[in-house]
Amino acid sequence: LSLLLEATLLQLGSGSRHPFYNGFYYNHIMNDKGDGQEKVVYFNGARLVVETPKDPVYSFNGANVTLPCHYHFEPDLEVKRKIRIKWSKLRDDYTKEQDVLVAIGKTSVAFGDFQGRAHLRRAGRHEASLVVSDVRLQDDGKYRCEVIDGLEDESDVVDLRLQGIVFPYQPPRGQYRLNFHEAERACQEQGAILATFNQLFQSWSEGLDWCNAGWLADGTVQYPIRLPRKPCGGLHLAPGIRSYGPRHRHLHRFDAFCFSSALRGEVFYLDHPAGMTLQEAKQSCQDMGAEIARVGQLYSAWKFLGLDRCDAGWLADGSVRYPITKPRANCGPAEPGVRSFGFPSKGRFGVFCYKER
């Protein structure tokens, strides 16, 4: 048996000068530079090329978005076999992928949270664009479009960015009380998710300045500084994102930076001459066919809908806040923003409600 196996391997080795054939030839040949390096001649000289947009694709929560991807052969080639197309979502550091969709011919399968929301657009020849419906906050990120044709496997990356806002958050218990997992839950409870570094950087470039450190989605702890000052890293440091680096997700405790996108509904204010307790405020929203607004919804309404109200109102987490787009006397600082009265244990205020359209 060993002699037979050896003879078979020798026979295969002696025939290695003949290229493998799967509809196209795929040869490795020596280049003419004399450096011993190989170059690849693709499929009888035809090279597979995958192209995606270099600029980010922008969308928002609840929308439908198309991530463009096209492929072709150089020189042009009519392929009769079924091409395999795979879409994956990447981490920012490219170290891990999440399967989104795989398609062969007209058959496709979506995975995980993308089931029922993702499909291929086949509007033209050699198109592999991905259509995602009902975009969610966690869809923000980089996506790989991979096209596989026999031995050929080429890919390119599309950057999907949600239009949104980053806001710092701390719970009623006070500053630096959240480990990583509690920070994740706190953001979710406020209609948001933990922000990525790219989202925090974008908000910093738009003017966000916050001296308290908070968790980000990658498990690092950072904070954005526009105006350097002694308690925030020192006067000698330039403006930027200060980083504590990765921290222990169970033991270490900080605040959170949450990310929220545009709203599908509206935020509106209700008042009562005598004000309302928190429970009365929740009931008042329900009587209007709405629910008491979350912090992320108030920030989104302020940023994207221009909500401006110089009256404090309850929110779902028990905090009292109000949004100002046009600063004026008796409405807080001279800059636009969402003002906070903290978490009053008693008192009577108006309420901000949220209602789906």
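Backbone N, Cα and C define each Cβ position, glycine as well.
Checking Cys211, Cys258 against TrEMBL, the residue bonded to Cys232 by a disulphide is Cys211. Looking at Cys285, Cys331, the record from TrEMBL puts Cys310 in a disulfide bond with Cys331. Cβ neighbour count within 10 Å across all protein chains ranks Cys232 highest among the disulfide-bonded residues Cys232, Cys310, Cys331.
Cys331 (disulfide bond) and Cys232 (disulfide bond) have their C-alpha atoms 26 Å apart, to the nearest angstrom.
Cβ neighbour count for Cys211 (disulfide bond): 14 (other Cβ atoms within 10 Å of its Cβ, all protein chains included).
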